[in-house]
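Engineer: The Fe cation binding site annotation in TrEMBL covers His64, His66, His108, Glu110. Among the features that TrEMBL reports, domain 'Pirin N-terminal' is placed at 39-125. Feature annotation from TrEMBL assigns domain 'Pirin C-terminal' to 179-283.
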Amino acid sequence: MSQSDESPVFSKPRLVLKKVLARNVNHGSRLMVNKNIASEFKGLDPFLNLDHFSVTHPVGFTDHPHRGFETVTYMLEGGLVHQDFIGNKGTIRAGEVQWMSAGRGIIHSEMPAGVGTHTGVQLWINLSKKDKMIEPSYQDLLKENIPRAAKDGVEVKVIAGEALGVKSETHTRTPAMFFDFKLHPQAQVHHNIPETWNSFVYVLEGEGVFGSPSSSPIGPSNVVFLGLGDGVSVWNKSSEPLRFLLIAGEPLNEPVAKYGPFVMSTQSEIEQAMEDFQYCKNGFENGRHWRSQ
């Protein structure tokens, strides 16, 4: 539940634990990634990483594998063309989402949809051990199908979860919420989060005050890690709009082993994933002859 007109009395409000500024890293002449902060996400179960990327044709994310987790790609500007080795192909454009469960294995590419600059964010969410070897699947959320709400200077796009009385139909194997909030000057929002879930904010535009009205404002490209509690409050005390992503999820409380694009439960499973990818077996069979176009 979200409220925008008055502050609920949270029994344990979520306060800012720390903020981390994502810095640009150039991965090629036309591929820029606001430094992924995987090391900062340790302990933020079920989340693994967040990238804020910018790509310019013809450079993009060429053929690469995944196993054992989900990627949530949310386009902010332009578009991204997706192809995979089981025949799926499509384009997500600004304001649209691809929620991909890699499961037992996927090889795909993500390339800019035409000329110009294309920007977005990609979130990695862990899958539980029981779901790591499921068949891969997708949920493509078109802009017109993402629920929206507005009240008292607060606007929200509900990608997963429920806010301001509207609910998304997105299925999340790992229980999670994902919102794109916009607060007009002097607006405020107070959103309930299950007390045991982990949560964070990524500031896209403007400056916001998070957790406590006496906190210092936090500006764009900052990841704001929140403490535990039953809700978070955000104020826009500036004269410009504030836009941020609020993301929260239920911890899996399971061991995590990671290597590049593979996220499993043990090191031996990582080694098996690498072998399966190298020899095109156990879910990667189609990789033997497939190349993106």
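Using the three backbone atoms N, Cα and C, a Cβ is placed for every residue, glycine included.
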Engineer: Provide the three-state DSSP residue tally for the domain 'Pirin N-terminal' (39-125): helix first, then strand, then coil.
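Structural biologist: The composition, in the requested order, is 3 helix, 58 strand, 26 coil.
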Engineer: His66 (Fe cation binding site) has how many other Cβ neighbours within 10 Å of its own Cβ?
Structural biologist: 24
Engineer: Residue counts in helix (H, G, I), strand (E, B) and coil for the domain 'Pirin C-terminal' (179-283), per DSSP?
Structural biologist: 13 helix, 46 strand, 46 coil
Engineer: In the structure shown, which of the binding-site residues His64, His108 has the fewest other Cβ atoms within 10 Å?
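Structural biologist: Sparsest of the binding-site residues His64, His108 by Cβ contacts within 10 Å: His64.
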Engineer: For the domain 'Pirin C-terminal' (179-283), report the average pLDDT of the model, please.
Structural biologist: 97
Engineer: Which ones in the same chain are close to Glu110 (Fe cation binding site), with CB under 8 Å and 6+ residues apart in sequence?
Structural biologist: Gly60, Phe61, Thr73, Leu80, Val81, His82
Engineer: Excluding His64, His66, His108, Glu110 themselves, which residues in that chain have a Cβ inside 8 Å of the centre of the Cβ atoms defining the Fe cation site?
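Structural biologist: In sequence order, the nearby non-listed residues are Phe61, Asp63, Pro65, Thr71, Asp84, Ile106, Ile107, Ser109, Pro261.
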